[in-house]
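Copied over from TrEMBL:
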type	residues	note
ACT_SITE	K33	active site, proton acceptor
ACT_SITE	Y242	active site, proton acceptor
BINDING	R128, M290	substrate binding site
DOMAIN	221-343	domain 'Alanine racemase C-terminal'
MOD_RES	K33	N6-(pyridoxal phosphate)lysine
Amino acid sequence: MSTATLTIDLNAAVANWRALDAKTDCETAAVVKADAYGLGADKLARALARAGARSFFVAVAEEGAALRQALGPGPNICVFSGHMPGDADMIGDLELTPMINSLDQMIRHVEALPGHAFGLQLDTGMNRLGMEPSEWAAVRDVALAQNPVLIMSHLACADEPDHPMNAQQLRTFREMTDGLDVPRSLANTGGVLLGRDYHFDLCRPGIGTYGGAPFAEARHVATLDIPVIQCRDVAPGETVGYGNSYVASRPTRIATISAGYADGILRAMGPKTGLWCDGKRLPIAGRISMDLIGVDVTALGQDPKSLQLLGPNQGVDTLADAAGTIGYEILTSLGARYTRRYLTA
Ligand SMILES: *Cc1c(COP(=O)(O)O)cnc(C)c1O
């Protein structure tokens, strides 16, 4: 077997979700969009439901439908994209709760599914999803008469605690919703960490549960071990990989491992990234190929069976920094070819 193994520690994810929950006095939901950030929405959501999560958020109704099959009846499944054309059967039959983003969506929803639960999404400055203050002022009374179950908005800069946008969005959210008798939600992971003013009735962390920044206390969740296919000696002056970008400056032992950019190991991270074995960091040698990566394992003094890209020594944010991106993109890029193993207890 030469596919890499992605090990997902469900206990660590549950511990992270609980640690975030413990920072609030309100309900803590779980955001499991994009297959729980690439880690497996069915497994993660079931583990979090067992730990007490009662509400789950996904990006689109199709994800919600799949999640309902995994979770069964009971938990709330909320859809950020709201009620799109063609969604009514899924929303109705599978008891999904769309977060309505506009008057158009509102009309579509109450016409297709009168009396069916929905939430409202407001735009407090991010200009991405939700009703803006002027639209909200016009629609508000009609919308409230339909008994929304939640009013939510989303923070643009919550991972930067000192950013003035946070307080500005909080102020706008309060102006748009203070005094209404509907549960409210504003905080993602970063928002949970901003403190109680941002928590309202429900928080919606995603990345912190999966071990990523800005939740610095997070336990490590995803580990990626990549098998070594072959090792060889490379003499000074010889090159490794496409474009001859690596030239050996000393007698070097090169291991070729079985994963590449087709598995979400971004080419951009190559020059700054190492793989780990026996507590040693081993630099990537040359360019990352589609299915293969060369690694300088000289420092090991022996040929390894596998090397670790993600693990306790090197988390998603370290990889992200090396590739000039964010941990979210590293996780959601994790390859379909990996063998996924789930650790419990
Ligand atoms: C993705 C998302 C979240 C979760 O954000 P994290 O930063 O991963 O905690 C919460 N709310 C909305 C609207 C989102 O799109």
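Each residue, glycine too, has its Cβ placed from N, Cα and C.
Here the features listed in TrEMBL are painted onto the structure.
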residue: K33; record: active site, proton acceptor; DSSP class: helix
residue: R128; record: substrate binding site; DSSP class: coil
residue: Y242; record: active site, proton acceptor; DSSP class: helix
residue: M290; record: substrate binding site; DSSP class: coil
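A straight line from the CA of R128 (substrate binding site) to the CA of Y242 (active site, proton acceptor) spans 40 Å. Across the structure, M290 (substrate binding site) and Y242 (active site, proton acceptor) place their CA atoms 11 angstrom apart.
Reported as a whole number, the C-alpha separation between Y242 (active site, proton acceptor) and K33 (active site, proton acceptor) equals 36 Å. Taking the domain 'Alanine racemase C-terminal' (221-343) as a whole, pLDDT averages 97 in the prediction. In the structure shown, across all protein chains, K33 is the one of the recorded positions K33, R128 with the greatest number of other Cβ atoms within 10 Å. Helix, strand and coil residue tallies for the domain 'Alanine racemase C-terminal' (221-343), in that order: 30 helix, 48 strand, 45 coil [DSSP].
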